[in-house]
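K.L.:
First the structure, then my questions, so here it is.
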Amino acid sequence: AAHAQPEAPCQGPLHLLRRRGGEAGPETGDCAYSPGYVFIVQKSYQDSETGPESSVITKVKGITFSEHKVWDVEEYVKPPEGGSVFSIITRIEVTPSQTLGTCPESMRVSDATCGSDEDCVAGQLDMLGNGLRTGRCVPYYQGSAKTCEVSGWCPVEDGASVSQFLGKMAPNFTILIKNSIQYPKFQFSKGNIEHRKDGYLKHCTFDEVSDLYCPIFKLGFIVEQAGENFTELAHTGGVIGVIINWDCDLDLSASKCNPKYSFRRLDPKHVPASSGYNFRFAKYYKTNGSTTRTLIKAYGIRIDVIVHGQVNHLPSQGREVQPDSHHH
């Protein structure tokens, strides 16, 4: 009698299970398909892609005030372009009406204190100082101390600075974070704003349950979610990360691929030598033909929007198998 030819072994990332007579075990014999079998696809066979291509556009809205003036977005957001990294100024130290001239060096500068002109070397330039030393030892701005005189922008910063706090209304500032991602390997793209009526974004704020696709966050909410005290952070400055994670299984419906947000402090909070976040800039203007500037040391909350994720997708041969009625 002719011997039966063995069937070709099973191909593809599948396990064949027997469901007859209460048995359940791997089928090691043939690959005959019957209603008694169910195919279970192993996740390990899914193809994947990490690190989506991403674009981020941001927009801050809100108004606040300090002791001396009202501040709008054009003044307290730096830079103004609306990128993935930006700072919201919450406190400033202002040194007004600086002009080019000579004045006492800051006592914070190494070797700036002096007892006589012999202690000051003319022409010396300290990289951490405020100007070129003239060789004179002069009285400091207040008290009986003396420091070496410098030629530069005068008075120096700590000689006449005034502190202003802008953070009183800052928790209510709103931040729109528009994010679009693409996984080119699978030609999949999505954004964190749904196609709704035009007026939707004018009235909504983010809620993980009811308004997941309204990426408008209050600054106070972001700081709170990062576990920080807003008043303290506004005084010292700091960096908060807004992390958007797109982890998706593309074998499921695209509606199942949703952004997940998390928030955390990124800068070293408890390092005394380098705590907080601040930067300086100046505003220049002409007074009686001579250049004058206002020097501003700004403390702020820097927002870094970070996007990452991974998608998984079955090869085409694995997705062609249809499960039977016993699959659960």
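Yeah, the Cβs are placed from backbone N, Cα and C, and that goes for glycine too.
Values in this document were obtained by computation on a predicted structure and should not be read as measured data.
So TrEMBL has the following annotated:
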type     : residues                                                    : note
REGION   : 1-27                                                        : region 'Disordered'
BINDING  : LYS59, VAL60, LYS61, THR174, ASN278, PHE279, ARG280, LYS297 : ATP binding site
DISULFID : CYS103-CYS154                                               : disulfide bond
DISULFID : CYS114-CYS137                                               : disulfide bond
DISULFID : CYS120-CYS148                                               : disulfide bond
CARBOHYD : ASN172                                                      : N-linked glycosylation site
DISULFID : CYS204-CYS214                                               : disulfide bond
DISULFID : CYS248-CYS257                                               : disulfide bond
K.L.:
Which of CYS103, CYS204, CYS214, CYS248 has the fewest nearby Cβ atoms, counting only those within 10 Å, among these disulfide-bonded residues?
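P.N.:
Sparsest of the disulfide-bonded residues CYS103, CYS204, CYS214, CYS248 by Cβ contacts within 10 Å: CYS204.
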K.L.:
What is the nearest of the recorded positions CYS148, THR174, ASN278 to CYS154 (disulfide bond), using the Cα of each?
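P.N.:
Of all the candidates listed, CYS148 is nearest in space.
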K.L.:
Report, in whole Å, the straight Cα-to-Cα distance of CYS257 (disulfide bond) from VAL60 (ATP binding site).
P.N.:
27
K.L.:
Tell me, which disulfide-bonded residues from CYS103, CYS114, CYS137, CYS248 are within 10 Å of LYS297 (ATP binding site) if we use the C-alpha atoms?
P.N.:
none
K.L.:
Radius 10 Å, atoms counted are CB only; among the recorded positions VAL60, CYS148, CYS154, CYS257, which position scores highest?
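P.N.:
That would be CYS148, with the most Cβ atoms nearby.
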K.L.:
Which site among CYS114, CYS120, CYS137 has the most other CB atoms no more than 10 Å from its CB, taking these as disulfide-bonded residues?
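P.N.:
Max Cβ neighbours within 10 Å, all protein chains included: CYS120.
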K.L.:
What's the CA-CA gap between CYS248 (disulfide bond) and ARG280 (ATP binding site) in angstrom, rounded?
P.N.:
42
K.L.:
How big is the gap, in Å, between the Cα of CYS103 (disulfide bond) and that of CYS148 (disulfide bond), rounded to a whole number?
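P.N.:
If we compare the Cα positions of CYS103 (disulfide bond) and CYS148 (disulfide bond), the gap is 9 Å.
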K.L.:
Are there residues of the same chain, six or more positions away from ASN278 (ATP binding site), whose CB falls under 8 angstroms from its CB, and which are they?
P.N.:
GLY237, LYS297, ALA298, TYR299, GLY300
K.L.:
When you measure from the Cβ of ARG280 (ATP binding site), which residues in the chain that are at least 6 apart have a Cβ under 8 Å away?
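P.N.:
For ARG280 (ATP binding site), the qualifying residues are LEU295, ILE296, LYS297, ALA298.
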K.L.:
How many Å lie between the Cα of PHE279 (ATP binding site) and the Cα of the residue listed as 'N-linked glycosylation site'?
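P.N.:
Just about 23 Å between their Cα atoms.
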K.L.:
Which of the recorded positions LYS61, CYS114, CYS120, CYS257 has its Cα nearest to the Cα of ASN172 (N-linked glycosylation site)?
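P.N.:
Comparing Cα positions, the closest of these recorded positions turns out to be LYS61.
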K.L.:
Can you tell me whether DSSP puts CYS103 (disulfide bond) in helix, strand or coil?
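P.N.:
DSSP assigns CYS103 (disulfide bond) to strand.
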